[in-house]
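Colleague: Mind having a look at this structure? Questions to follow.
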Amino acid sequence: MPVRRGHVAPQNTFLGTIIRKFEGQNKKFIIANARVQNCAIIYCNDGFCEMTGFSRPDVMQKPCTCDFLHGPETKRHDIAQIAQALLGSEERKVEVTYYHKNGSTFICNTHIIPVKNQEGVAMMFIINFEYVTDEDNAASPERVNPILPVKSVNRKLFGFKFPGLRVLTYRKQSLPQEDPDVVVIDSSKHSDDSVAMKHFKSPTKESCSPSEADDTKALIQPSQCSPLVNISGPLDHSSPKRQWDRLYPDMLQSSSQLTHSRSRESLCSIRRASSVHDIEGFNVHPKNIFRDRHASEDNGRNVKGPFNHIKSSLLGSTSDSNLNKYSTINKIPQLTLNFSDVKTEKKNTSPPSSDKTIIAPKVKERTHNVTEKVTQVLSLGADVLPEYKLQTPRINKFTILHYSPFKAVWDWLILLLVIYTAIFTPYSAAFLLNDREEQKRRECGYSCSPLNVVDLIVDIMFIIDILINFRTTYVNQNEEVVSDPAKIAVHYFKGWFLIDMVAAIPFDLLIFGSGSDETTTLIGLLKTARLLRLVRVARKLDRYSEYGAAVLMLLMCIFALIAHWLACIWYAIGNVERPYLTDKIGWLDSLGTQIGKRYNDSDSSSGPSIKDKYVTALYFTFSSLTSVGFGNVSPNTNSEKIFSICVMLIGSLMYASIFGNVSAIIQRLYSGTARYHMQMLRVKEFIRFHQIPNPLRQRLEEYFQHAWTYTNGIDMNMVLKGFPECLQADICLHLNQTLLQNCKAFRGASKGCLRALAMKFKTTHAPPGDTLVHCGDVLTALYFLSRGSIEILKDDIVVAILGKNDIFGEMVHLYAKPGKSNADVRALTYCDLHKIQREDLLEVLDMYPEFSDHFLTNLELTFNLRHESAKSQSINDSEGDTCKLRRRRLSFESEGDKDFSKENSANDADDSTDTIRRYQSSKKHFEEKKSRSSSFISSIDDEQKPLFLGTVDSTPRMVKASRHHGEEAAPPSGRIHTDKRSHSCKDITDTHSWEREHARAQPEECSPSGLQRAAWGISETESDLTYGEVEQRLDLLQEQLNRLESQMTTDIQAILQLLQKQTTVVPPAYSMVTAGAEYQRPILRLLRTSHPRASIKTDRSFSPSSQCPEFLDLEKSKLKSKESLSSGKRLNTASEDNLTSLLKQDSDASSELDPRQRKSYLHPIRHPSLPDSSLSTVGILGLHRHVSDPGLPGK
């Protein structure tokens, strides 16, 4: 496998560093973006939420001035000081009275700390909140103090804050060249609306040292300590557009002022502004209207008083630094912070303050590192305020990266030295350290033996390696590269230091010159401690065992090395035993006899040579390891035989495990490596085939390598497929237990519900800079961040930074369709995310309705990614889907009804010539039909109420609302046609939209009860309905519509039969109206009761030709209306024309009647769907027109 490099990609560790430093000291802080409007809050820690009572979703995107914490007791001066600190991007500490969410007050020190990037631009603000006790408040009367070191000497305090003032003691008439931004603002004119505090005292001789007085005089004027300064306009030179004096003449009479601070830093109202623009922020009169900085024309030329000197000095400065600062003002990006006015009678509103523009200026020469003041106040480390950017891991000086080329070369060198040690240490201990060699070494010294010199060099190299290990980085458990020398030393001491130290001790130097007889044995035993270096080889086997050829070579070398060690031991046994044997039967004596070099006790140099001894011993061990031996070199003594038995056992194990299973060993050791290389090869082929550019190619390879290291090449889905579902659920529950336990939305869920949820979760790993969600992507999942930090960007502007346990996505239960993302989500560090698909989550919630309500109530998204414009569109889309579903499921086609209508149309066409002559005879029946119609509608109202319980219908609600208010409710009712061929989806949508508008217009009078809302499927809020409830209500609606369809078919046939058999002449206005599709049964009941048999029998002699002309005309047009159903627009136009002509005839005929009869005659003929429908037609709102009914006029 490759070298474990750790997290070496550039990461934005800003959030992690801040949390690590602040959380350890129980800090309460928020982070705001200085480059967006209102300096919106993009992060708040848990301590701030506990202190204020607000949750993180409530605080996100709020202005960093914390207007939601303000109240009547919050002083406007404190708010202005905070705003001024934000305006000038300066550090400041303000004591402010805030309000909890429950309304209680608390006092805390608000510490504003700007965070700047490498260019010195204020990118963010860290605002820390500290509780102020009564003792602290009494001991510290200063309410507004810049952050200073904790010193008691006033001299040092003043000098630390204003180093530029020291220069003024020598240059009285000009501003310091280093910092031209120091300005003096004071005014003796106080107003009640001024933000300045009236209790600040002017400096006196007792409170100011001589140098301080000189500094003060140099800034404000030699003879004055508090001159009157009139500012006729804001001092900005951004965009000369209009004259401030012309727009706001009253501003000339009000001076901007800052009263004296009790602090030594603000003597004579001296404060440091980041630019001359900041003088504008001192005027906080609540009635003055501040304009944007781009609206200024005078460029500060109308400044009066000492500002003339300051302005001229600044504008006339020739210093490059001054001109650079002055020129950057025009390039300042603008941010607006709106401070709302307070109403004293309301408790939770903000104190009054002016609307002004707050801009975080770009001050290049200000240090962006941590100042001494911040570290002393917060007692934090040097990296408390890291730069907000991608930062590579910090490597200390003289620290070696563990994956650097130098370290790789050094490791190979040490490996060769270890191999040398493993070979020559046993050889020298067994063969070379005898009496003859020892005598020679005593005579000529240590340098006579070249092998000893090499051993000395090896020992020195091992000692150097120990020193290098103390400066070599390592990867911790969090996959982070550790470069701190102290941590490296601790890690090395706990690991391999002891082994390396023992192996590096030069024992032969320590015992050199002792001259004892035990020297040889002792040196031989101690030098074998160098074999501990072989542990390094075992430690690095995984690094060098990536290829199969290397494994084979390594196995061969291990086998040969073991044979070498055994040969040394075999010689040592024979050499030690030979002097004590009476019969020379040892293998050395046998070897001397075989080769003709016998041992002579009187001659120490007799016997076989060292070469003969070593080769023979090595031959014996190899033959014993690979087989049972050939017998030419045989063990004779008991010790030799016992050793031979051990060698045979070792040989059988090694032969069987290594040589007999080489292929199996390779497959077992390199199965993951083979998969890694196969996948890597696919990635490289993909890159080469599609010609991926180099930066993107590098990102692909780095991500693949890191993902492989993170998962170790394990495919979780493939592993889980081999287990039963019960074990899969348990494994998933274990993998996601941290999320399910820490997230509040999942608390209280049953074991089965948690197992079902765990099965749906997927874990995603993202490296730094990877974009998880792009703007405009469809939000198909809900994300839970378990490790790392991410940033959310809108138009490349950071709007939020999310950390551990944050949730982002959309509220899936509120919308029928997934929305689109309104921002980009990018990883700042290596992140682990748990995501669940939208459909999977809704499915689990549908299976566990008891958990659904708890989950939807406690689910709080830290950031909602759904696009705002998609919310209203999703409502219409869901209604459209409902209409399509109804149109697909419902069918009002009736073949028998069509045939029946065709026959009636044919019969009525024959009598069309007599319709006009008989029209006048039908007028006297209108009053009678009108009374019948009123009773008909009342009966429908009485019988409709119990029917609609448990169904989803909007008609009763519309009728009831119209009846109460007398509004023109006919259009929505008239639009809903109960055509048997189609059900207009657009009309249903219009009806729902009319209901929503009507409900908003009359929320109290016409709002139905909770039971009626539940019956109609209209919830109080959109989040009350779950997916399962909607499906259940749709099923009930489908059953009701099917039942109504069958009733409608039967009733329409009965109505048509009765209309042709009736003897009374039916007026045209009532023959055109039939019951709607929602409810049809009361019509038949009414018609049966409203036409007595007596009247039918009496008037049975009337022929069809005696009916009203309009009725016959409409009956004749029935067939044509069915044929022209596809052209609805043309049919409606023709119907309106015929109806208009009938109305004209009716008005001519009714001219002979008295006004009372004319009024009763004209009312029923007006149709509710006409634009000029009067309010008297509300009574027939419950009835709907059929396009194919015989009452519709047509050509």
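Our numbering is plain: 1 for the first residue shown, then up by one each step along the chain.
The backbone N, Cα and C atoms fix where each Cβ goes, and this holds for glycine too.
Among the features that Swiss-Prot reports, topological domain 'Cytoplasmic' is placed at 1-412, 471-494, 543-549, 663-1195. The annotation domain 'PAC' is assigned in Swiss-Prot to 92-144. Residues annotated as phosphoserine in Swiss-Prot: Ser174, Ser238, Ser319, Ser891, Ser894. If you look up Swiss-Prot, you'll see 413-433, 450-470, 495-515, 522-542, 550-570, 642-662 marked as transmembrane segment. Annotation source Swiss-Prot lists N-linked glycosylation site at Asn600. Annotated intramembrane segment per Swiss-Prot: 615-635, in sequence order, evidence recorded as sequence analysis. Feature annotation from Swiss-Prot assigns motif 'Selectivity filter' to 627-632. Residues or ranges marked as region 'cNMP-binding domain' by Swiss-Prot: 745-845.
Mind running through what each feature is packed against?
Modeller: For the topological domain 'Cytoplasmic' (1-412), the predicted model reports an average pLDDT of 56.
Counting only same-chain residues at least 6 apart in sequence, those with a Cβ under 8 Å from the Cβ of Asn600 (N-linked glycosylation site) are Ser606, Gly607.
Packing against the intramembrane segment (615-635) from elsewhere in the chain are residues 559, 562-564, 566-568, 570-571, 587, 590-591, 594, 608, 641, 643-644, 647-648, 650-651, 654-655: each is 6 or more residues past its ends and has a CB under 8 Å from a CB in it.
Residues 552, 555, 558-559, 562, 566, 569-570, 573, 621, 624-629, 635 of the same chain, all 6+ positions outside the transmembrane segment (642-662), place their C-beta atoms under 8 angstroms from a C-beta of that stretch.
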Colleague: Sort Asn600 (N-linked glycosylation site) into helix, strand or coil using the DSSP assignment.
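Modeller: Reduced to three states, the DSSP call for Asn600 (N-linked glycosylation site) is strand.
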